[in-house]
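Chemist: Below is a structure I'd like to ask you about.
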Amino acid sequence: MRVVNIGPDPSLAYRPNLHYHDAKEKEDYRNFQSGILFSRVFKTYSLMHTNQTVEFVKRKYSEWTQFNHTQMGMMDAIMSLDQLVDESDPDVDFPNSFHAFQTAEGIRQEHPDKDWFQLVGLIHDVGKILALWDEPQWAVVGDTFPVGCRFQDSIVFRNNTFMENPDEKDQTYNSETGMYKLNCGLDNVLMSWGHDEYLYRVLKFNSCSIPEEGLYMIRFHSFYPWHSNGDYMHLCNDKDKQMLPWVKEFNKFDLYTKTSTLPDVDELKPYYQSLIDKYCPGILKW
């Protein structure tokens, strides 16, 4: 099995006590302040924040929304994440497919009546398949943020990673609203390119029947400056504000179900295949 992991996994830097106890306090998640591999994590975000420009994002949208790369079913796409360790994640040091089932099972326990929500937990990171198709991880994983307007302070490493981003110096983009209008709605905002937007586009193109709440969770679950820090509210419309509590509800399962206790994937697959057959059936175009 080929594990795509560009450099040593940074999560170990933030989990020095992994071998002594499994439980983590909530405040211990998303530690971007220290660790023995801090420099590697910092470099990944530096590349992201240098290269994610309006021009770059538009080019990636055009390149990946033709949906002519391949065709496969959703479960095959999920299981392909066996080959991927997310190098930007300080809380996970095992293949992303396990995190998919962890998240889904956490949601299933608290929301047994919302099968679409459980499915969202399972598939939310499937867009990371881009990293298996030769996209650099800085253009696939990590926190997302709008391009085309001022980069807000709550973005990870905001103060020292955007200096070489051309948009930082462009007066068209470095005001509060930039190239957007006040309360234009997130649907009209260009987000930094990554797995969130890609999977959202795949689901829409293939006419998957996941409710709008679930699509918002998928599209914006990495948009931490918005759902966890309250930034960019000036770009939101009423619909975004109504959907924000759903994204927040999803986030607690995405984040706090990450443990080194791995689920029995073979036992769980039949149930989740039934949800895939209900909401995202057949062979999808990617």
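Heads up, the Cβ atoms here are built off N, Cα and C, so glycines get one too.
Below are the features listed in TrEMBL for this protein:
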- Arg30, Asp86, Glu87, Ser88, Lys128, Gly142, Asp143, His221, Ser222: substrate binding site (BINDING)
- His99, His124, Asp125, His195, His221, Asp254: Fe cation binding site (BINDING)
- Ser34: phosphoserine (MOD_RES)
Chemist: How big is the Cα-to-Cα gap, in Å, between Ser222 (substrate binding site) and His195 (Fe cation binding site)?
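Modeler: Between the Cα atoms of Ser222 (substrate binding site) and His195 (Fe cation binding site), the distance comes to 9 Å.
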Chemist: To the nearest whole angstrom, state the Cα distance for the pair Asp143 (substrate binding site) and Asp125 (Fe cation binding site).
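Modeler: Rounded to a whole number, the Cα-Cα distance is 12 Å.
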Chemist: So among the binding-site residues Asp125, Asp143, Asp254, who's got the most Cβ atoms within 10 Å?
Modeler: Asp125
Chemist: Using the CB centroid of His99, His124, Asp125, His195, His221, Asp254 as the Fe cation site centre, which other residues of the same chain sit with their CB within 8 A?
Modeler: Ala100, Thr103, Lys128, Asp196, Ile218, Ser222
Chemist: How many Å lie between the Cα of His195 (Fe cation binding site) and the Cα of Lys128 (substrate binding site)?
Modeler: 5
